[in-house]
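Asker: Quick one: this structure, given as structure tokens, is what I'll be asking you about.
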Amino acid sequence: MISLNQSSMLGCGQTKALLRLRRRSLEAAPRAELVVRCSGVARRGSVAMENASESNGAAAAAAAASVVDTKSAVGGGVQDVYGEDRATEEQHVTPWAVSVASGYSLLRDPHHNKGLAFSEKERDAHYLRGLLPPAVVNQDLQEKKLMHSLRQYKVPLQRYMALMDLQERNERLFYKLLVDNVEELLPVVYTPTVGEACQKYGAIFRRPQGLFISLKEKGKILEVLRNWPEKRIQVIVVTDGERILGLGDLGCQGMGIPVGKLSLYTALGGLRPSACLPITIDVGTNNEQLLKDEFYIGLRQRRATGQEYLELLDEFMAAVKQNYGEKVLIQFEDFANHNAFELLERYSRSHLVFNDDIQGTASVVLAGVVAALKLVGGTLAEHTFLFLGAGEAGTGIAELIALEMSKQTKAPLEESRKKIWLVDSKGLIVDSRKESLQHFKKPWAHEHEPVKNLLDAVKAIKPTVLIGSSGVGRTFTQEVVEAMASFNEKPLILALSNPTSQSECTAEQAYTWSKGRAIFASGSPFDPVEYEGKVFVPGQANNAYIFPGFGLGLVMCGAIRVHDDMLLAASEALAQQVTQEHYDKGLIYPPFTNIRKISAHIAAKVAAKAYELGLASHLPRPENLVEFAESCMYSPLYRSYR
Ligand SMILES: NC(=O)C1=CN([C@@H]2O[C@H](COP(=O)(O)OP(=O)(O)OC[C@H]3O[C@@H](n4cnc5c(N)ncnc54)[C@H](OP(=O)(O)O)[C@@H]3O)[C@@H](O)[C@H]2O)C=CC1
Ligand SMILES: CC(=O)C(=O)O
Ligand SMILES: [Mg+2]
């Protein structure tokens, strides 16, 4: 028999096929999980047991031992992950033990708990009698009940907390809710509510949901990684909390962002929850309010910078590679731009790194713009772009649009860049400012006289596309939108800043001030708007469309590096999912309801590009990459336990 440990070394499609085969051959016998304990911390080993009943416990243990990874050495029945079996007598080792999750501990294990959905047979086999009330209900009914009770909460943060509790209690049910009700729940686990959750994270903190790596852990980051109970990590989302959405420095409380992003990796992209690791690097915070807050959960010091900061990051990146290998995807999220560009550059040749704010946002916005061409006409190169905000999102998007323009027109990149203008807090970026500009702004310093504010820049540049990426709310004023509408039949206006409070304008403002002519999308969702008897449905221009499918594509082909052409491929795949029906509603993105299908197409295009570029390591290349992506996706449906 092949162990689950062995099977998980296979491609995920093969693993699924194997699991199906096993399930059939064992006649869906209920499955118990081995729990490996170390100093009181429950560790899950992906090991199947033939039978967990007391009467044949010895046989079960023997069977379990026979199915564990071949790497396990001197007995123990557990893979020798950290070389303890090989340790000499002088070396310290971890006291591993093996036990079976059943009874009360099974109910308390979020990965395996099914609540009232445990069948009569499972209740007998797993010592659950009396621990549950008599009713047996199915997962659909559990979902119906939970959605009903979630809808009773009028305060979004209460919904957020209820969902986080569910994730901690019953992981599969949490993901089933998220997958089946994505449009309704996305604003709860993600922007805008996750922003409020981060602001109040200390006060609402109950149980840690990811790894906290602070300056205190300097020199022992590898050990900290080893404290995490899962070993086969495929995606890490890491933040240092310095630029959380448009809310600024939230220090250690930024943890809500990696947790939220990774729940989308699973719900929207189908990555296994156990393969996802949220991490917050705590180097302090410059947020005075948090430093004074008695409930603050992070280091109470101002941010480390320079050499001290980089040394911690270097140690972290080296430890990740050492512990999880070359192919773990590290997604940087919500770092401040003075670190974000440098970190991406620093590790892009040694690690599989992706900055969602720079690259994921670029890919999603390019897709929206390309789709919008069907509504506004012209080619990419025939449009003129103006950004409010020249940071990670703004310059990241600008660069990818310019790259795509150049590919289409065969013009040099410098020429394409001239169609794109950016405004920062000091005004239009022009050549006379070049010397004092941060390096990522320099390519956008075009010849022009100085312009101090957005309205004057709009009037001077006359853009066809206006993109907000400033993190400052209500900066697309009535005058700005009216100016856009005065020289564009259909102005394309994207207010990307999150959360809703920081959106450059609301959907209602965009439609009303443009007299119903704007094509509008925003980073955080807005409800449909009725203007002069017509209903306008605003789209959501958010990197959540891209990163789950993008990450799945990288993981499923075993990519070793991210390449710009993969971002273009993801963007193309997303734009192709916009149908005439969507265009008829004025949408430039497909609805999130179809996101798993969309993610499969994105993953397929990304993987295809990786194979083409020689950056994929899982060989041979599957013939049908869309089908392969779908076959890799995690299903939140309950499994039967033998
Ligand atoms: N929808 C989506 O998918 C995404 C949305 N975002 C959102 O975009 C926003 C910006 O993120 P990011 O680019 O990473 O942030 P950065 O801090 O890197 O960039 C912000 C930019 O906005 C400029 N700016 C700030 N205030 C003003 C102002 N009053 N007028 C003009 N420009 C101003 C800054 O100018 P200066 O350089 O002079 O300081 C800077 O260039 C955030 O709200 C974030 O939530 C980000 C990623 C994805
Ligand atoms: C969406 C996102 O990544 C941000 O606002 O930072
Ligand atoms: Mg972000």
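Using N, Cα and C of the backbone, Cβ positions are placed for all residues, glycine too.
The domain 'Malic enzyme N-terminal' annotation in TrEMBL covers 167-348. The active site, proton donor annotation in TrEMBL covers TYR190. What TrEMBL lists as (S)-malate binding site is ARG243, ASN498, ASN542. Per TrEMBL, active site, proton acceptor is recorded for LYS261. Taken from TrEMBL, the feature divalent metal cation binding site covers GLU333, ASP334, ASP357. Marked as domain 'Malic enzyme NAD-binding' by TrEMBL: 358-611.
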Asker: Just going by other Cβ atoms within 10 Å, which of the binding-site residues GLU333, ASP357 has the emptiest spot?
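Answerer: The binding-site residues GLU333, ASP357 were compared, and ASP357 has the fewest Cβ atoms within 10 Å.
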Asker: Select the closest residue to LYS261 (active site, proton acceptor) from the following binding-site residues, measuring between CA atoms: ARG243, GLU333, ASP357, ASN498, ASN542.
Answerer: GLU333
Asker: Count the Cβ atoms, other than its own, that fall within 10 Å of the Cβ of ASN542 ((S)-malate binding site), considering every protein chain shown.
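Answerer: The answer is 26.
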Asker: For the recorded divalent metal cation site formed by GLU333, ASP334, ASP357, name the remaining residues of the chain with Cβ within 8 Å of the site's Cβ center, in chain order.
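Answerer: Other same-chain residues with Cβ inside the cutoff are THR239, ARG243, ILE244, ILE257, PHE332, PHE335, ALA340, ASN355, ASP356, GLU392.
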Asker: Within 10 Å of the Cβ of the residue listed as 'active site, proton acceptor', how many other Cβ atoms can be counted across all chains shown?
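Answerer: The Cβ of the residue listed as 'active site, proton acceptor' has 27 Cβ neighbours within 10 Å.
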Asker: Please check the recorded positions TYR190, ARG243, LYS261 against ligand 2 and give me the ones with CB under 6 A, sequence order.
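Answerer: Cβ < 6 Å from ligand 2: none of the recorded positions.
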Asker: Give me the largest Cα to Cα distance among ARG243, ASN498, ASN542, the residues the record lists as binding (S)-malate, in Å as a whole number.
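Answerer: Farthest-apart Cα atoms in ARG243, ASN498, ASN542 are separated by 16 Å.
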Asker: Listed recorded positions: TYR190, LYS261, ASP334, ASN498, ASN542. Which have a CB under 6 angstroms from an atom of ligand 1?
Answerer: ASN498, ASN542
Asker: Identify, in sequence order, the residues in the chain of ARG243 ((S)-malate binding site) that are 6 or more apart from it along the sequence and have a CB within less than 8 Å of its CB; answer 'none' if there are none.
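Answerer: Set apart from ARG243 ((S)-malate binding site) by at least 6 residues yet with Cβ under 8 Å, we have ASP249, ASP334, PHE335, ALA336, ASN337, ALA340, ASP357, GLU392, GLY471.
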Asker: Suppose we screen the recorded positions LYS261, ASP334, ASP357 by Cβ distance to ligand 3 with a cut-off under 6 Å; which survive, in sequence order?
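Answerer: By the Cβ criterion, which requires under 6 Å to ligand 3, the hits are ASP334, ASP357.
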Asker: Pop the mean pLDDT for the domain 'Malic enzyme NAD-binding' (358-611) in here, whole number is fine.
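Answerer: Residues in the domain 'Malic enzyme NAD-binding' (358-611) carry a mean pLDDT of 98 in this prediction.
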Asker: By a simple count, how many Cβ atoms lie within 10 Å of the Cβ of ASP334 (divalent metal cation binding site), its own Cβ left out?
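Answerer: Step by step: centre on the Cβ of ASP334 (divalent metal cation binding site), count other Cβ atoms within 10 Å, giving 26.
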Asker: Quick one: of TYR190, ASN498, which of the recorded positions has the smallest count of other CB atoms within 10 A?
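Answerer: Selected from the recorded positions TYR190, ASN498 on minimum Cβ neighbours within 10 Å: ASN498.
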Asker: To the nearest whole angstrom, what is the C-alpha distance linking TYR190 (active site, proton donor) and ASN498 ((S)-malate binding site)?
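Answerer: Distance between the two Cα atoms comes out at 10 Å.
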Asker: Any idea what DSSP makes of ASP357 (divalent metal cation binding site), helix, strand or coil?
Answerer: helix
Asker: What is the interatomic distance between the Cα atoms of GLU333 (divalent metal cation binding site) and ASN542 ((S)-malate binding site), given in whole Å?
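Answerer: That comes out at 14 Å between the alpha carbons.
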